[in-house]
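Have a look at the structure below before the remarks.
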Amino acid sequence: KVTIKGIERELICPACKELFTHPLILPCQHNVCHKCVKEILFAFEDSIADGGSESSNQSSPRIKVSSSSMDRIDRISRSGTKRNSLTPRSSLFPCPGCQRDIDLGERGINGLFRNFTLETIVERYRQAARAAIAIMCDFCKPPPQESTKSCMDCSASYCNECFKIHHPWGTVKAQHEYVGPTTNFRPKILMCPEHEMERVNMYCEICRRPVCHLCKLGGSHANHRVTTMSTAYKTLKEKLSKDIEYLISKESQVKAHITQLDLLLKETECNSERAKEEASQSFEKLSYVLEEKKSAALRAIEASKNLRLEKLQTQAEEYQGLLENNGLVGYAQEVLKETDPSCFVQTAKQLHVRIQKATESLKSFRPAAETTFEDFVVDIAKQEEILGDMSFHSNGLEIPEINEEQSRMYNKALISWECPGKTDSADIYVLEYHKLNREEESVTWQKIEVCSRSKVISDLDDDSSYVFRVRGYKGSICSPWSREVILRTPPAPVFSFLFDDKCGYNSEHLLLNPRRTSVESRAGFPLLLGSERMQVGCYTTLDYIIGDTGIAKGKHFWAFHVEAYSYLVKVGVVSSNKIQKLFHNTHDMTSPRNEQDSGHDSGSEDAFFDSSQPFTLVTLGMKKFFIPSTPAAPKDPASRILPLPSCLGICLDCDKGKVGFYDASCMKCLYECEVDCSGIMYPAFALMGGAAVHLEEAVTAKYGEYHDDI
């Protein structure tokens, strides 16, 4: 026989920490009060409507939403709408039992089953806890009598007299099921929450929940494996009984573990007191050192003060003697009264020397001691920084490492890191960064606390280098700092655009993705037909595409990726007054004879690049970056060929009339030249054969969050 009071822990709602009231079974098999489910969803919807601030999550004093769930508010509500009814609209629910986001489906709360079994057990517990409190009859005139039975069909409690009146002999109500006095009324038949007129008669083994035949025929469980309710009842009851019997048979082992845990509790208490004492001793030693330093500094200041006061006092007394009838002057005045020449000369010689010195000191007055104590200022900047970083260091906490490949510097900075063990051993991370300035002797680190393993940082200066480092915290224990990583921001603000699918776009040769952020050259049948018509040489037309937004002034930067398999790609800028020439230029054909970047010395290559080209482009292909041939470029073709960076960037300065091509992974300039910016400038791309270009995606505040999910 089970003691009801011994199972109280299983009857507490994980949200409100009180006994369950109308508990609902979540898809994760945890139970939560019906009221708590609605309040949690309302709290999240209010947070979304108010911008996700934690201060807005106080709609119910019973519910406290965890900080880990608060970090995922933007993902919890798919609808993103504000609450305007009594039914929450969020389809995802943060389970307070397992701290996971649970999909409630289209019906939300209405699709959850009530746990009537748990409700009955809670009611038995309540009755055992309040045995002296009687349940009164619902139909007696005041004062009501104590009820003797409850009708499960009427969901009401009756005394003997009222029960006879409302359940007369020979009527249908006389056949109602009645039990002892209770406040827990449960339906005789469990109905399907999705098909309210159908009773559940099957059990879905995939979703682990009762379903009706309509759910199986055409509902959400159509392709799931189901079994009959009687079979599921028998199977689950046998499994549960066997598991309970096994646990009961291991009672001695459980008691041994409980004894061991009791010892561990005591040992933890002792070890914590010992750790406190050791920490206190460490701080007392540090305090003793500081007190010694403080006393020494104060003694030095006091000694210097006394010496300076003595010098200034002596000087003040000397100047006091220069006053009439005082000191030296008064003595000299008395000497002047001497009438005997020999006596006067004997005394006046030495006195005259003193008077001359006093006269000179009066002309060039200078205090005998300084009044400031600048030499005694204690510089504690480094010590203060060290003390600020002082914490419990643990060898068990892994040192995070900043992943330079996953970190990005674009319109914003995305800093990603990982642990060597690929696991989150820390509860929270602290990311610090500062702008790299060689002239400054001391730096000020900007500090950010992060719950995930990535962070998006805004408002960084363009064309600047920043130093980043990260450390992990688990409670009061922290790991050492990671290796410092230097990343550089783009040389100019990021320019956003999409590929233009109208102006000159050749849909037969080029393929755009729906978002217009990627373009691919299809080396298919039309290209073969074009080559077949050419009987001499190997002339093939380039297919051009431009950006849908132009630049009139200022300095701008954009980046993109070129697939490694690309045969030939040209990238750069084109002026608005030369776009028509771009798409109809006869020199847009490439061959070993007139391709300016082919490496062949045609003798007129430089002239062609300078005079005939209506735009500024550089050539990429076969995993190479080709520096255009110019008078200033190296004559050796091999020295003009560089490895193709994983990400390329272009910086256009309309005010100075220059365009630069960058390795966007490290913001290193590979090539720069002058360009005519008299018109509106557009990003330009040309592809031939199998090739593809992908525009760099802008870093958003949610980018790091989604990146962690991936």
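A Cβ is built for glycine as well, from the same backbone N, Cα and C atoms used for every other residue.
The region 'Disordered' annotation in TrEMBL covers 51-88 (among others).
Residues 25, 27, 29, 105, 107, 110-113, 116, 152-153, 177, 235 of the same chain lie 6 or more positions beyond the ends of the domain 'B box-type' (187-229) yet place their CB under 8 Å from a CB of it. The domain 'B box-type' feature in TrEMBL is assigned to 187-229.
Per TrEMBL, coiled coil is recorded for 258-285.
The feature domain 'COS' is assigned by TrEMBL to 336-393.
If you look up TrEMBL, you'll see 399-492 marked as domain 'Fibronectin type-III'.
Taken from TrEMBL, the feature domain 'B30.2/SPRY' applies to 477-708.
According to TrEMBL, the feature region 'Disordered' maps to 585-605 (among others).
Per TrEMBL, the feature compositional bias 'Basic and acidic residues' maps to 594-603.
In terms of DSSP helix, strand and coil, the domain 'B box-type' (187-229) has 7 helix, 11 strand, 25 coil.
DSSP states for the domain 'Fibronectin type-III' (399-492), grouped as helix (H, G, I), strand (E, B) and coil, give 0 helix, 43 strand, 51 coil.
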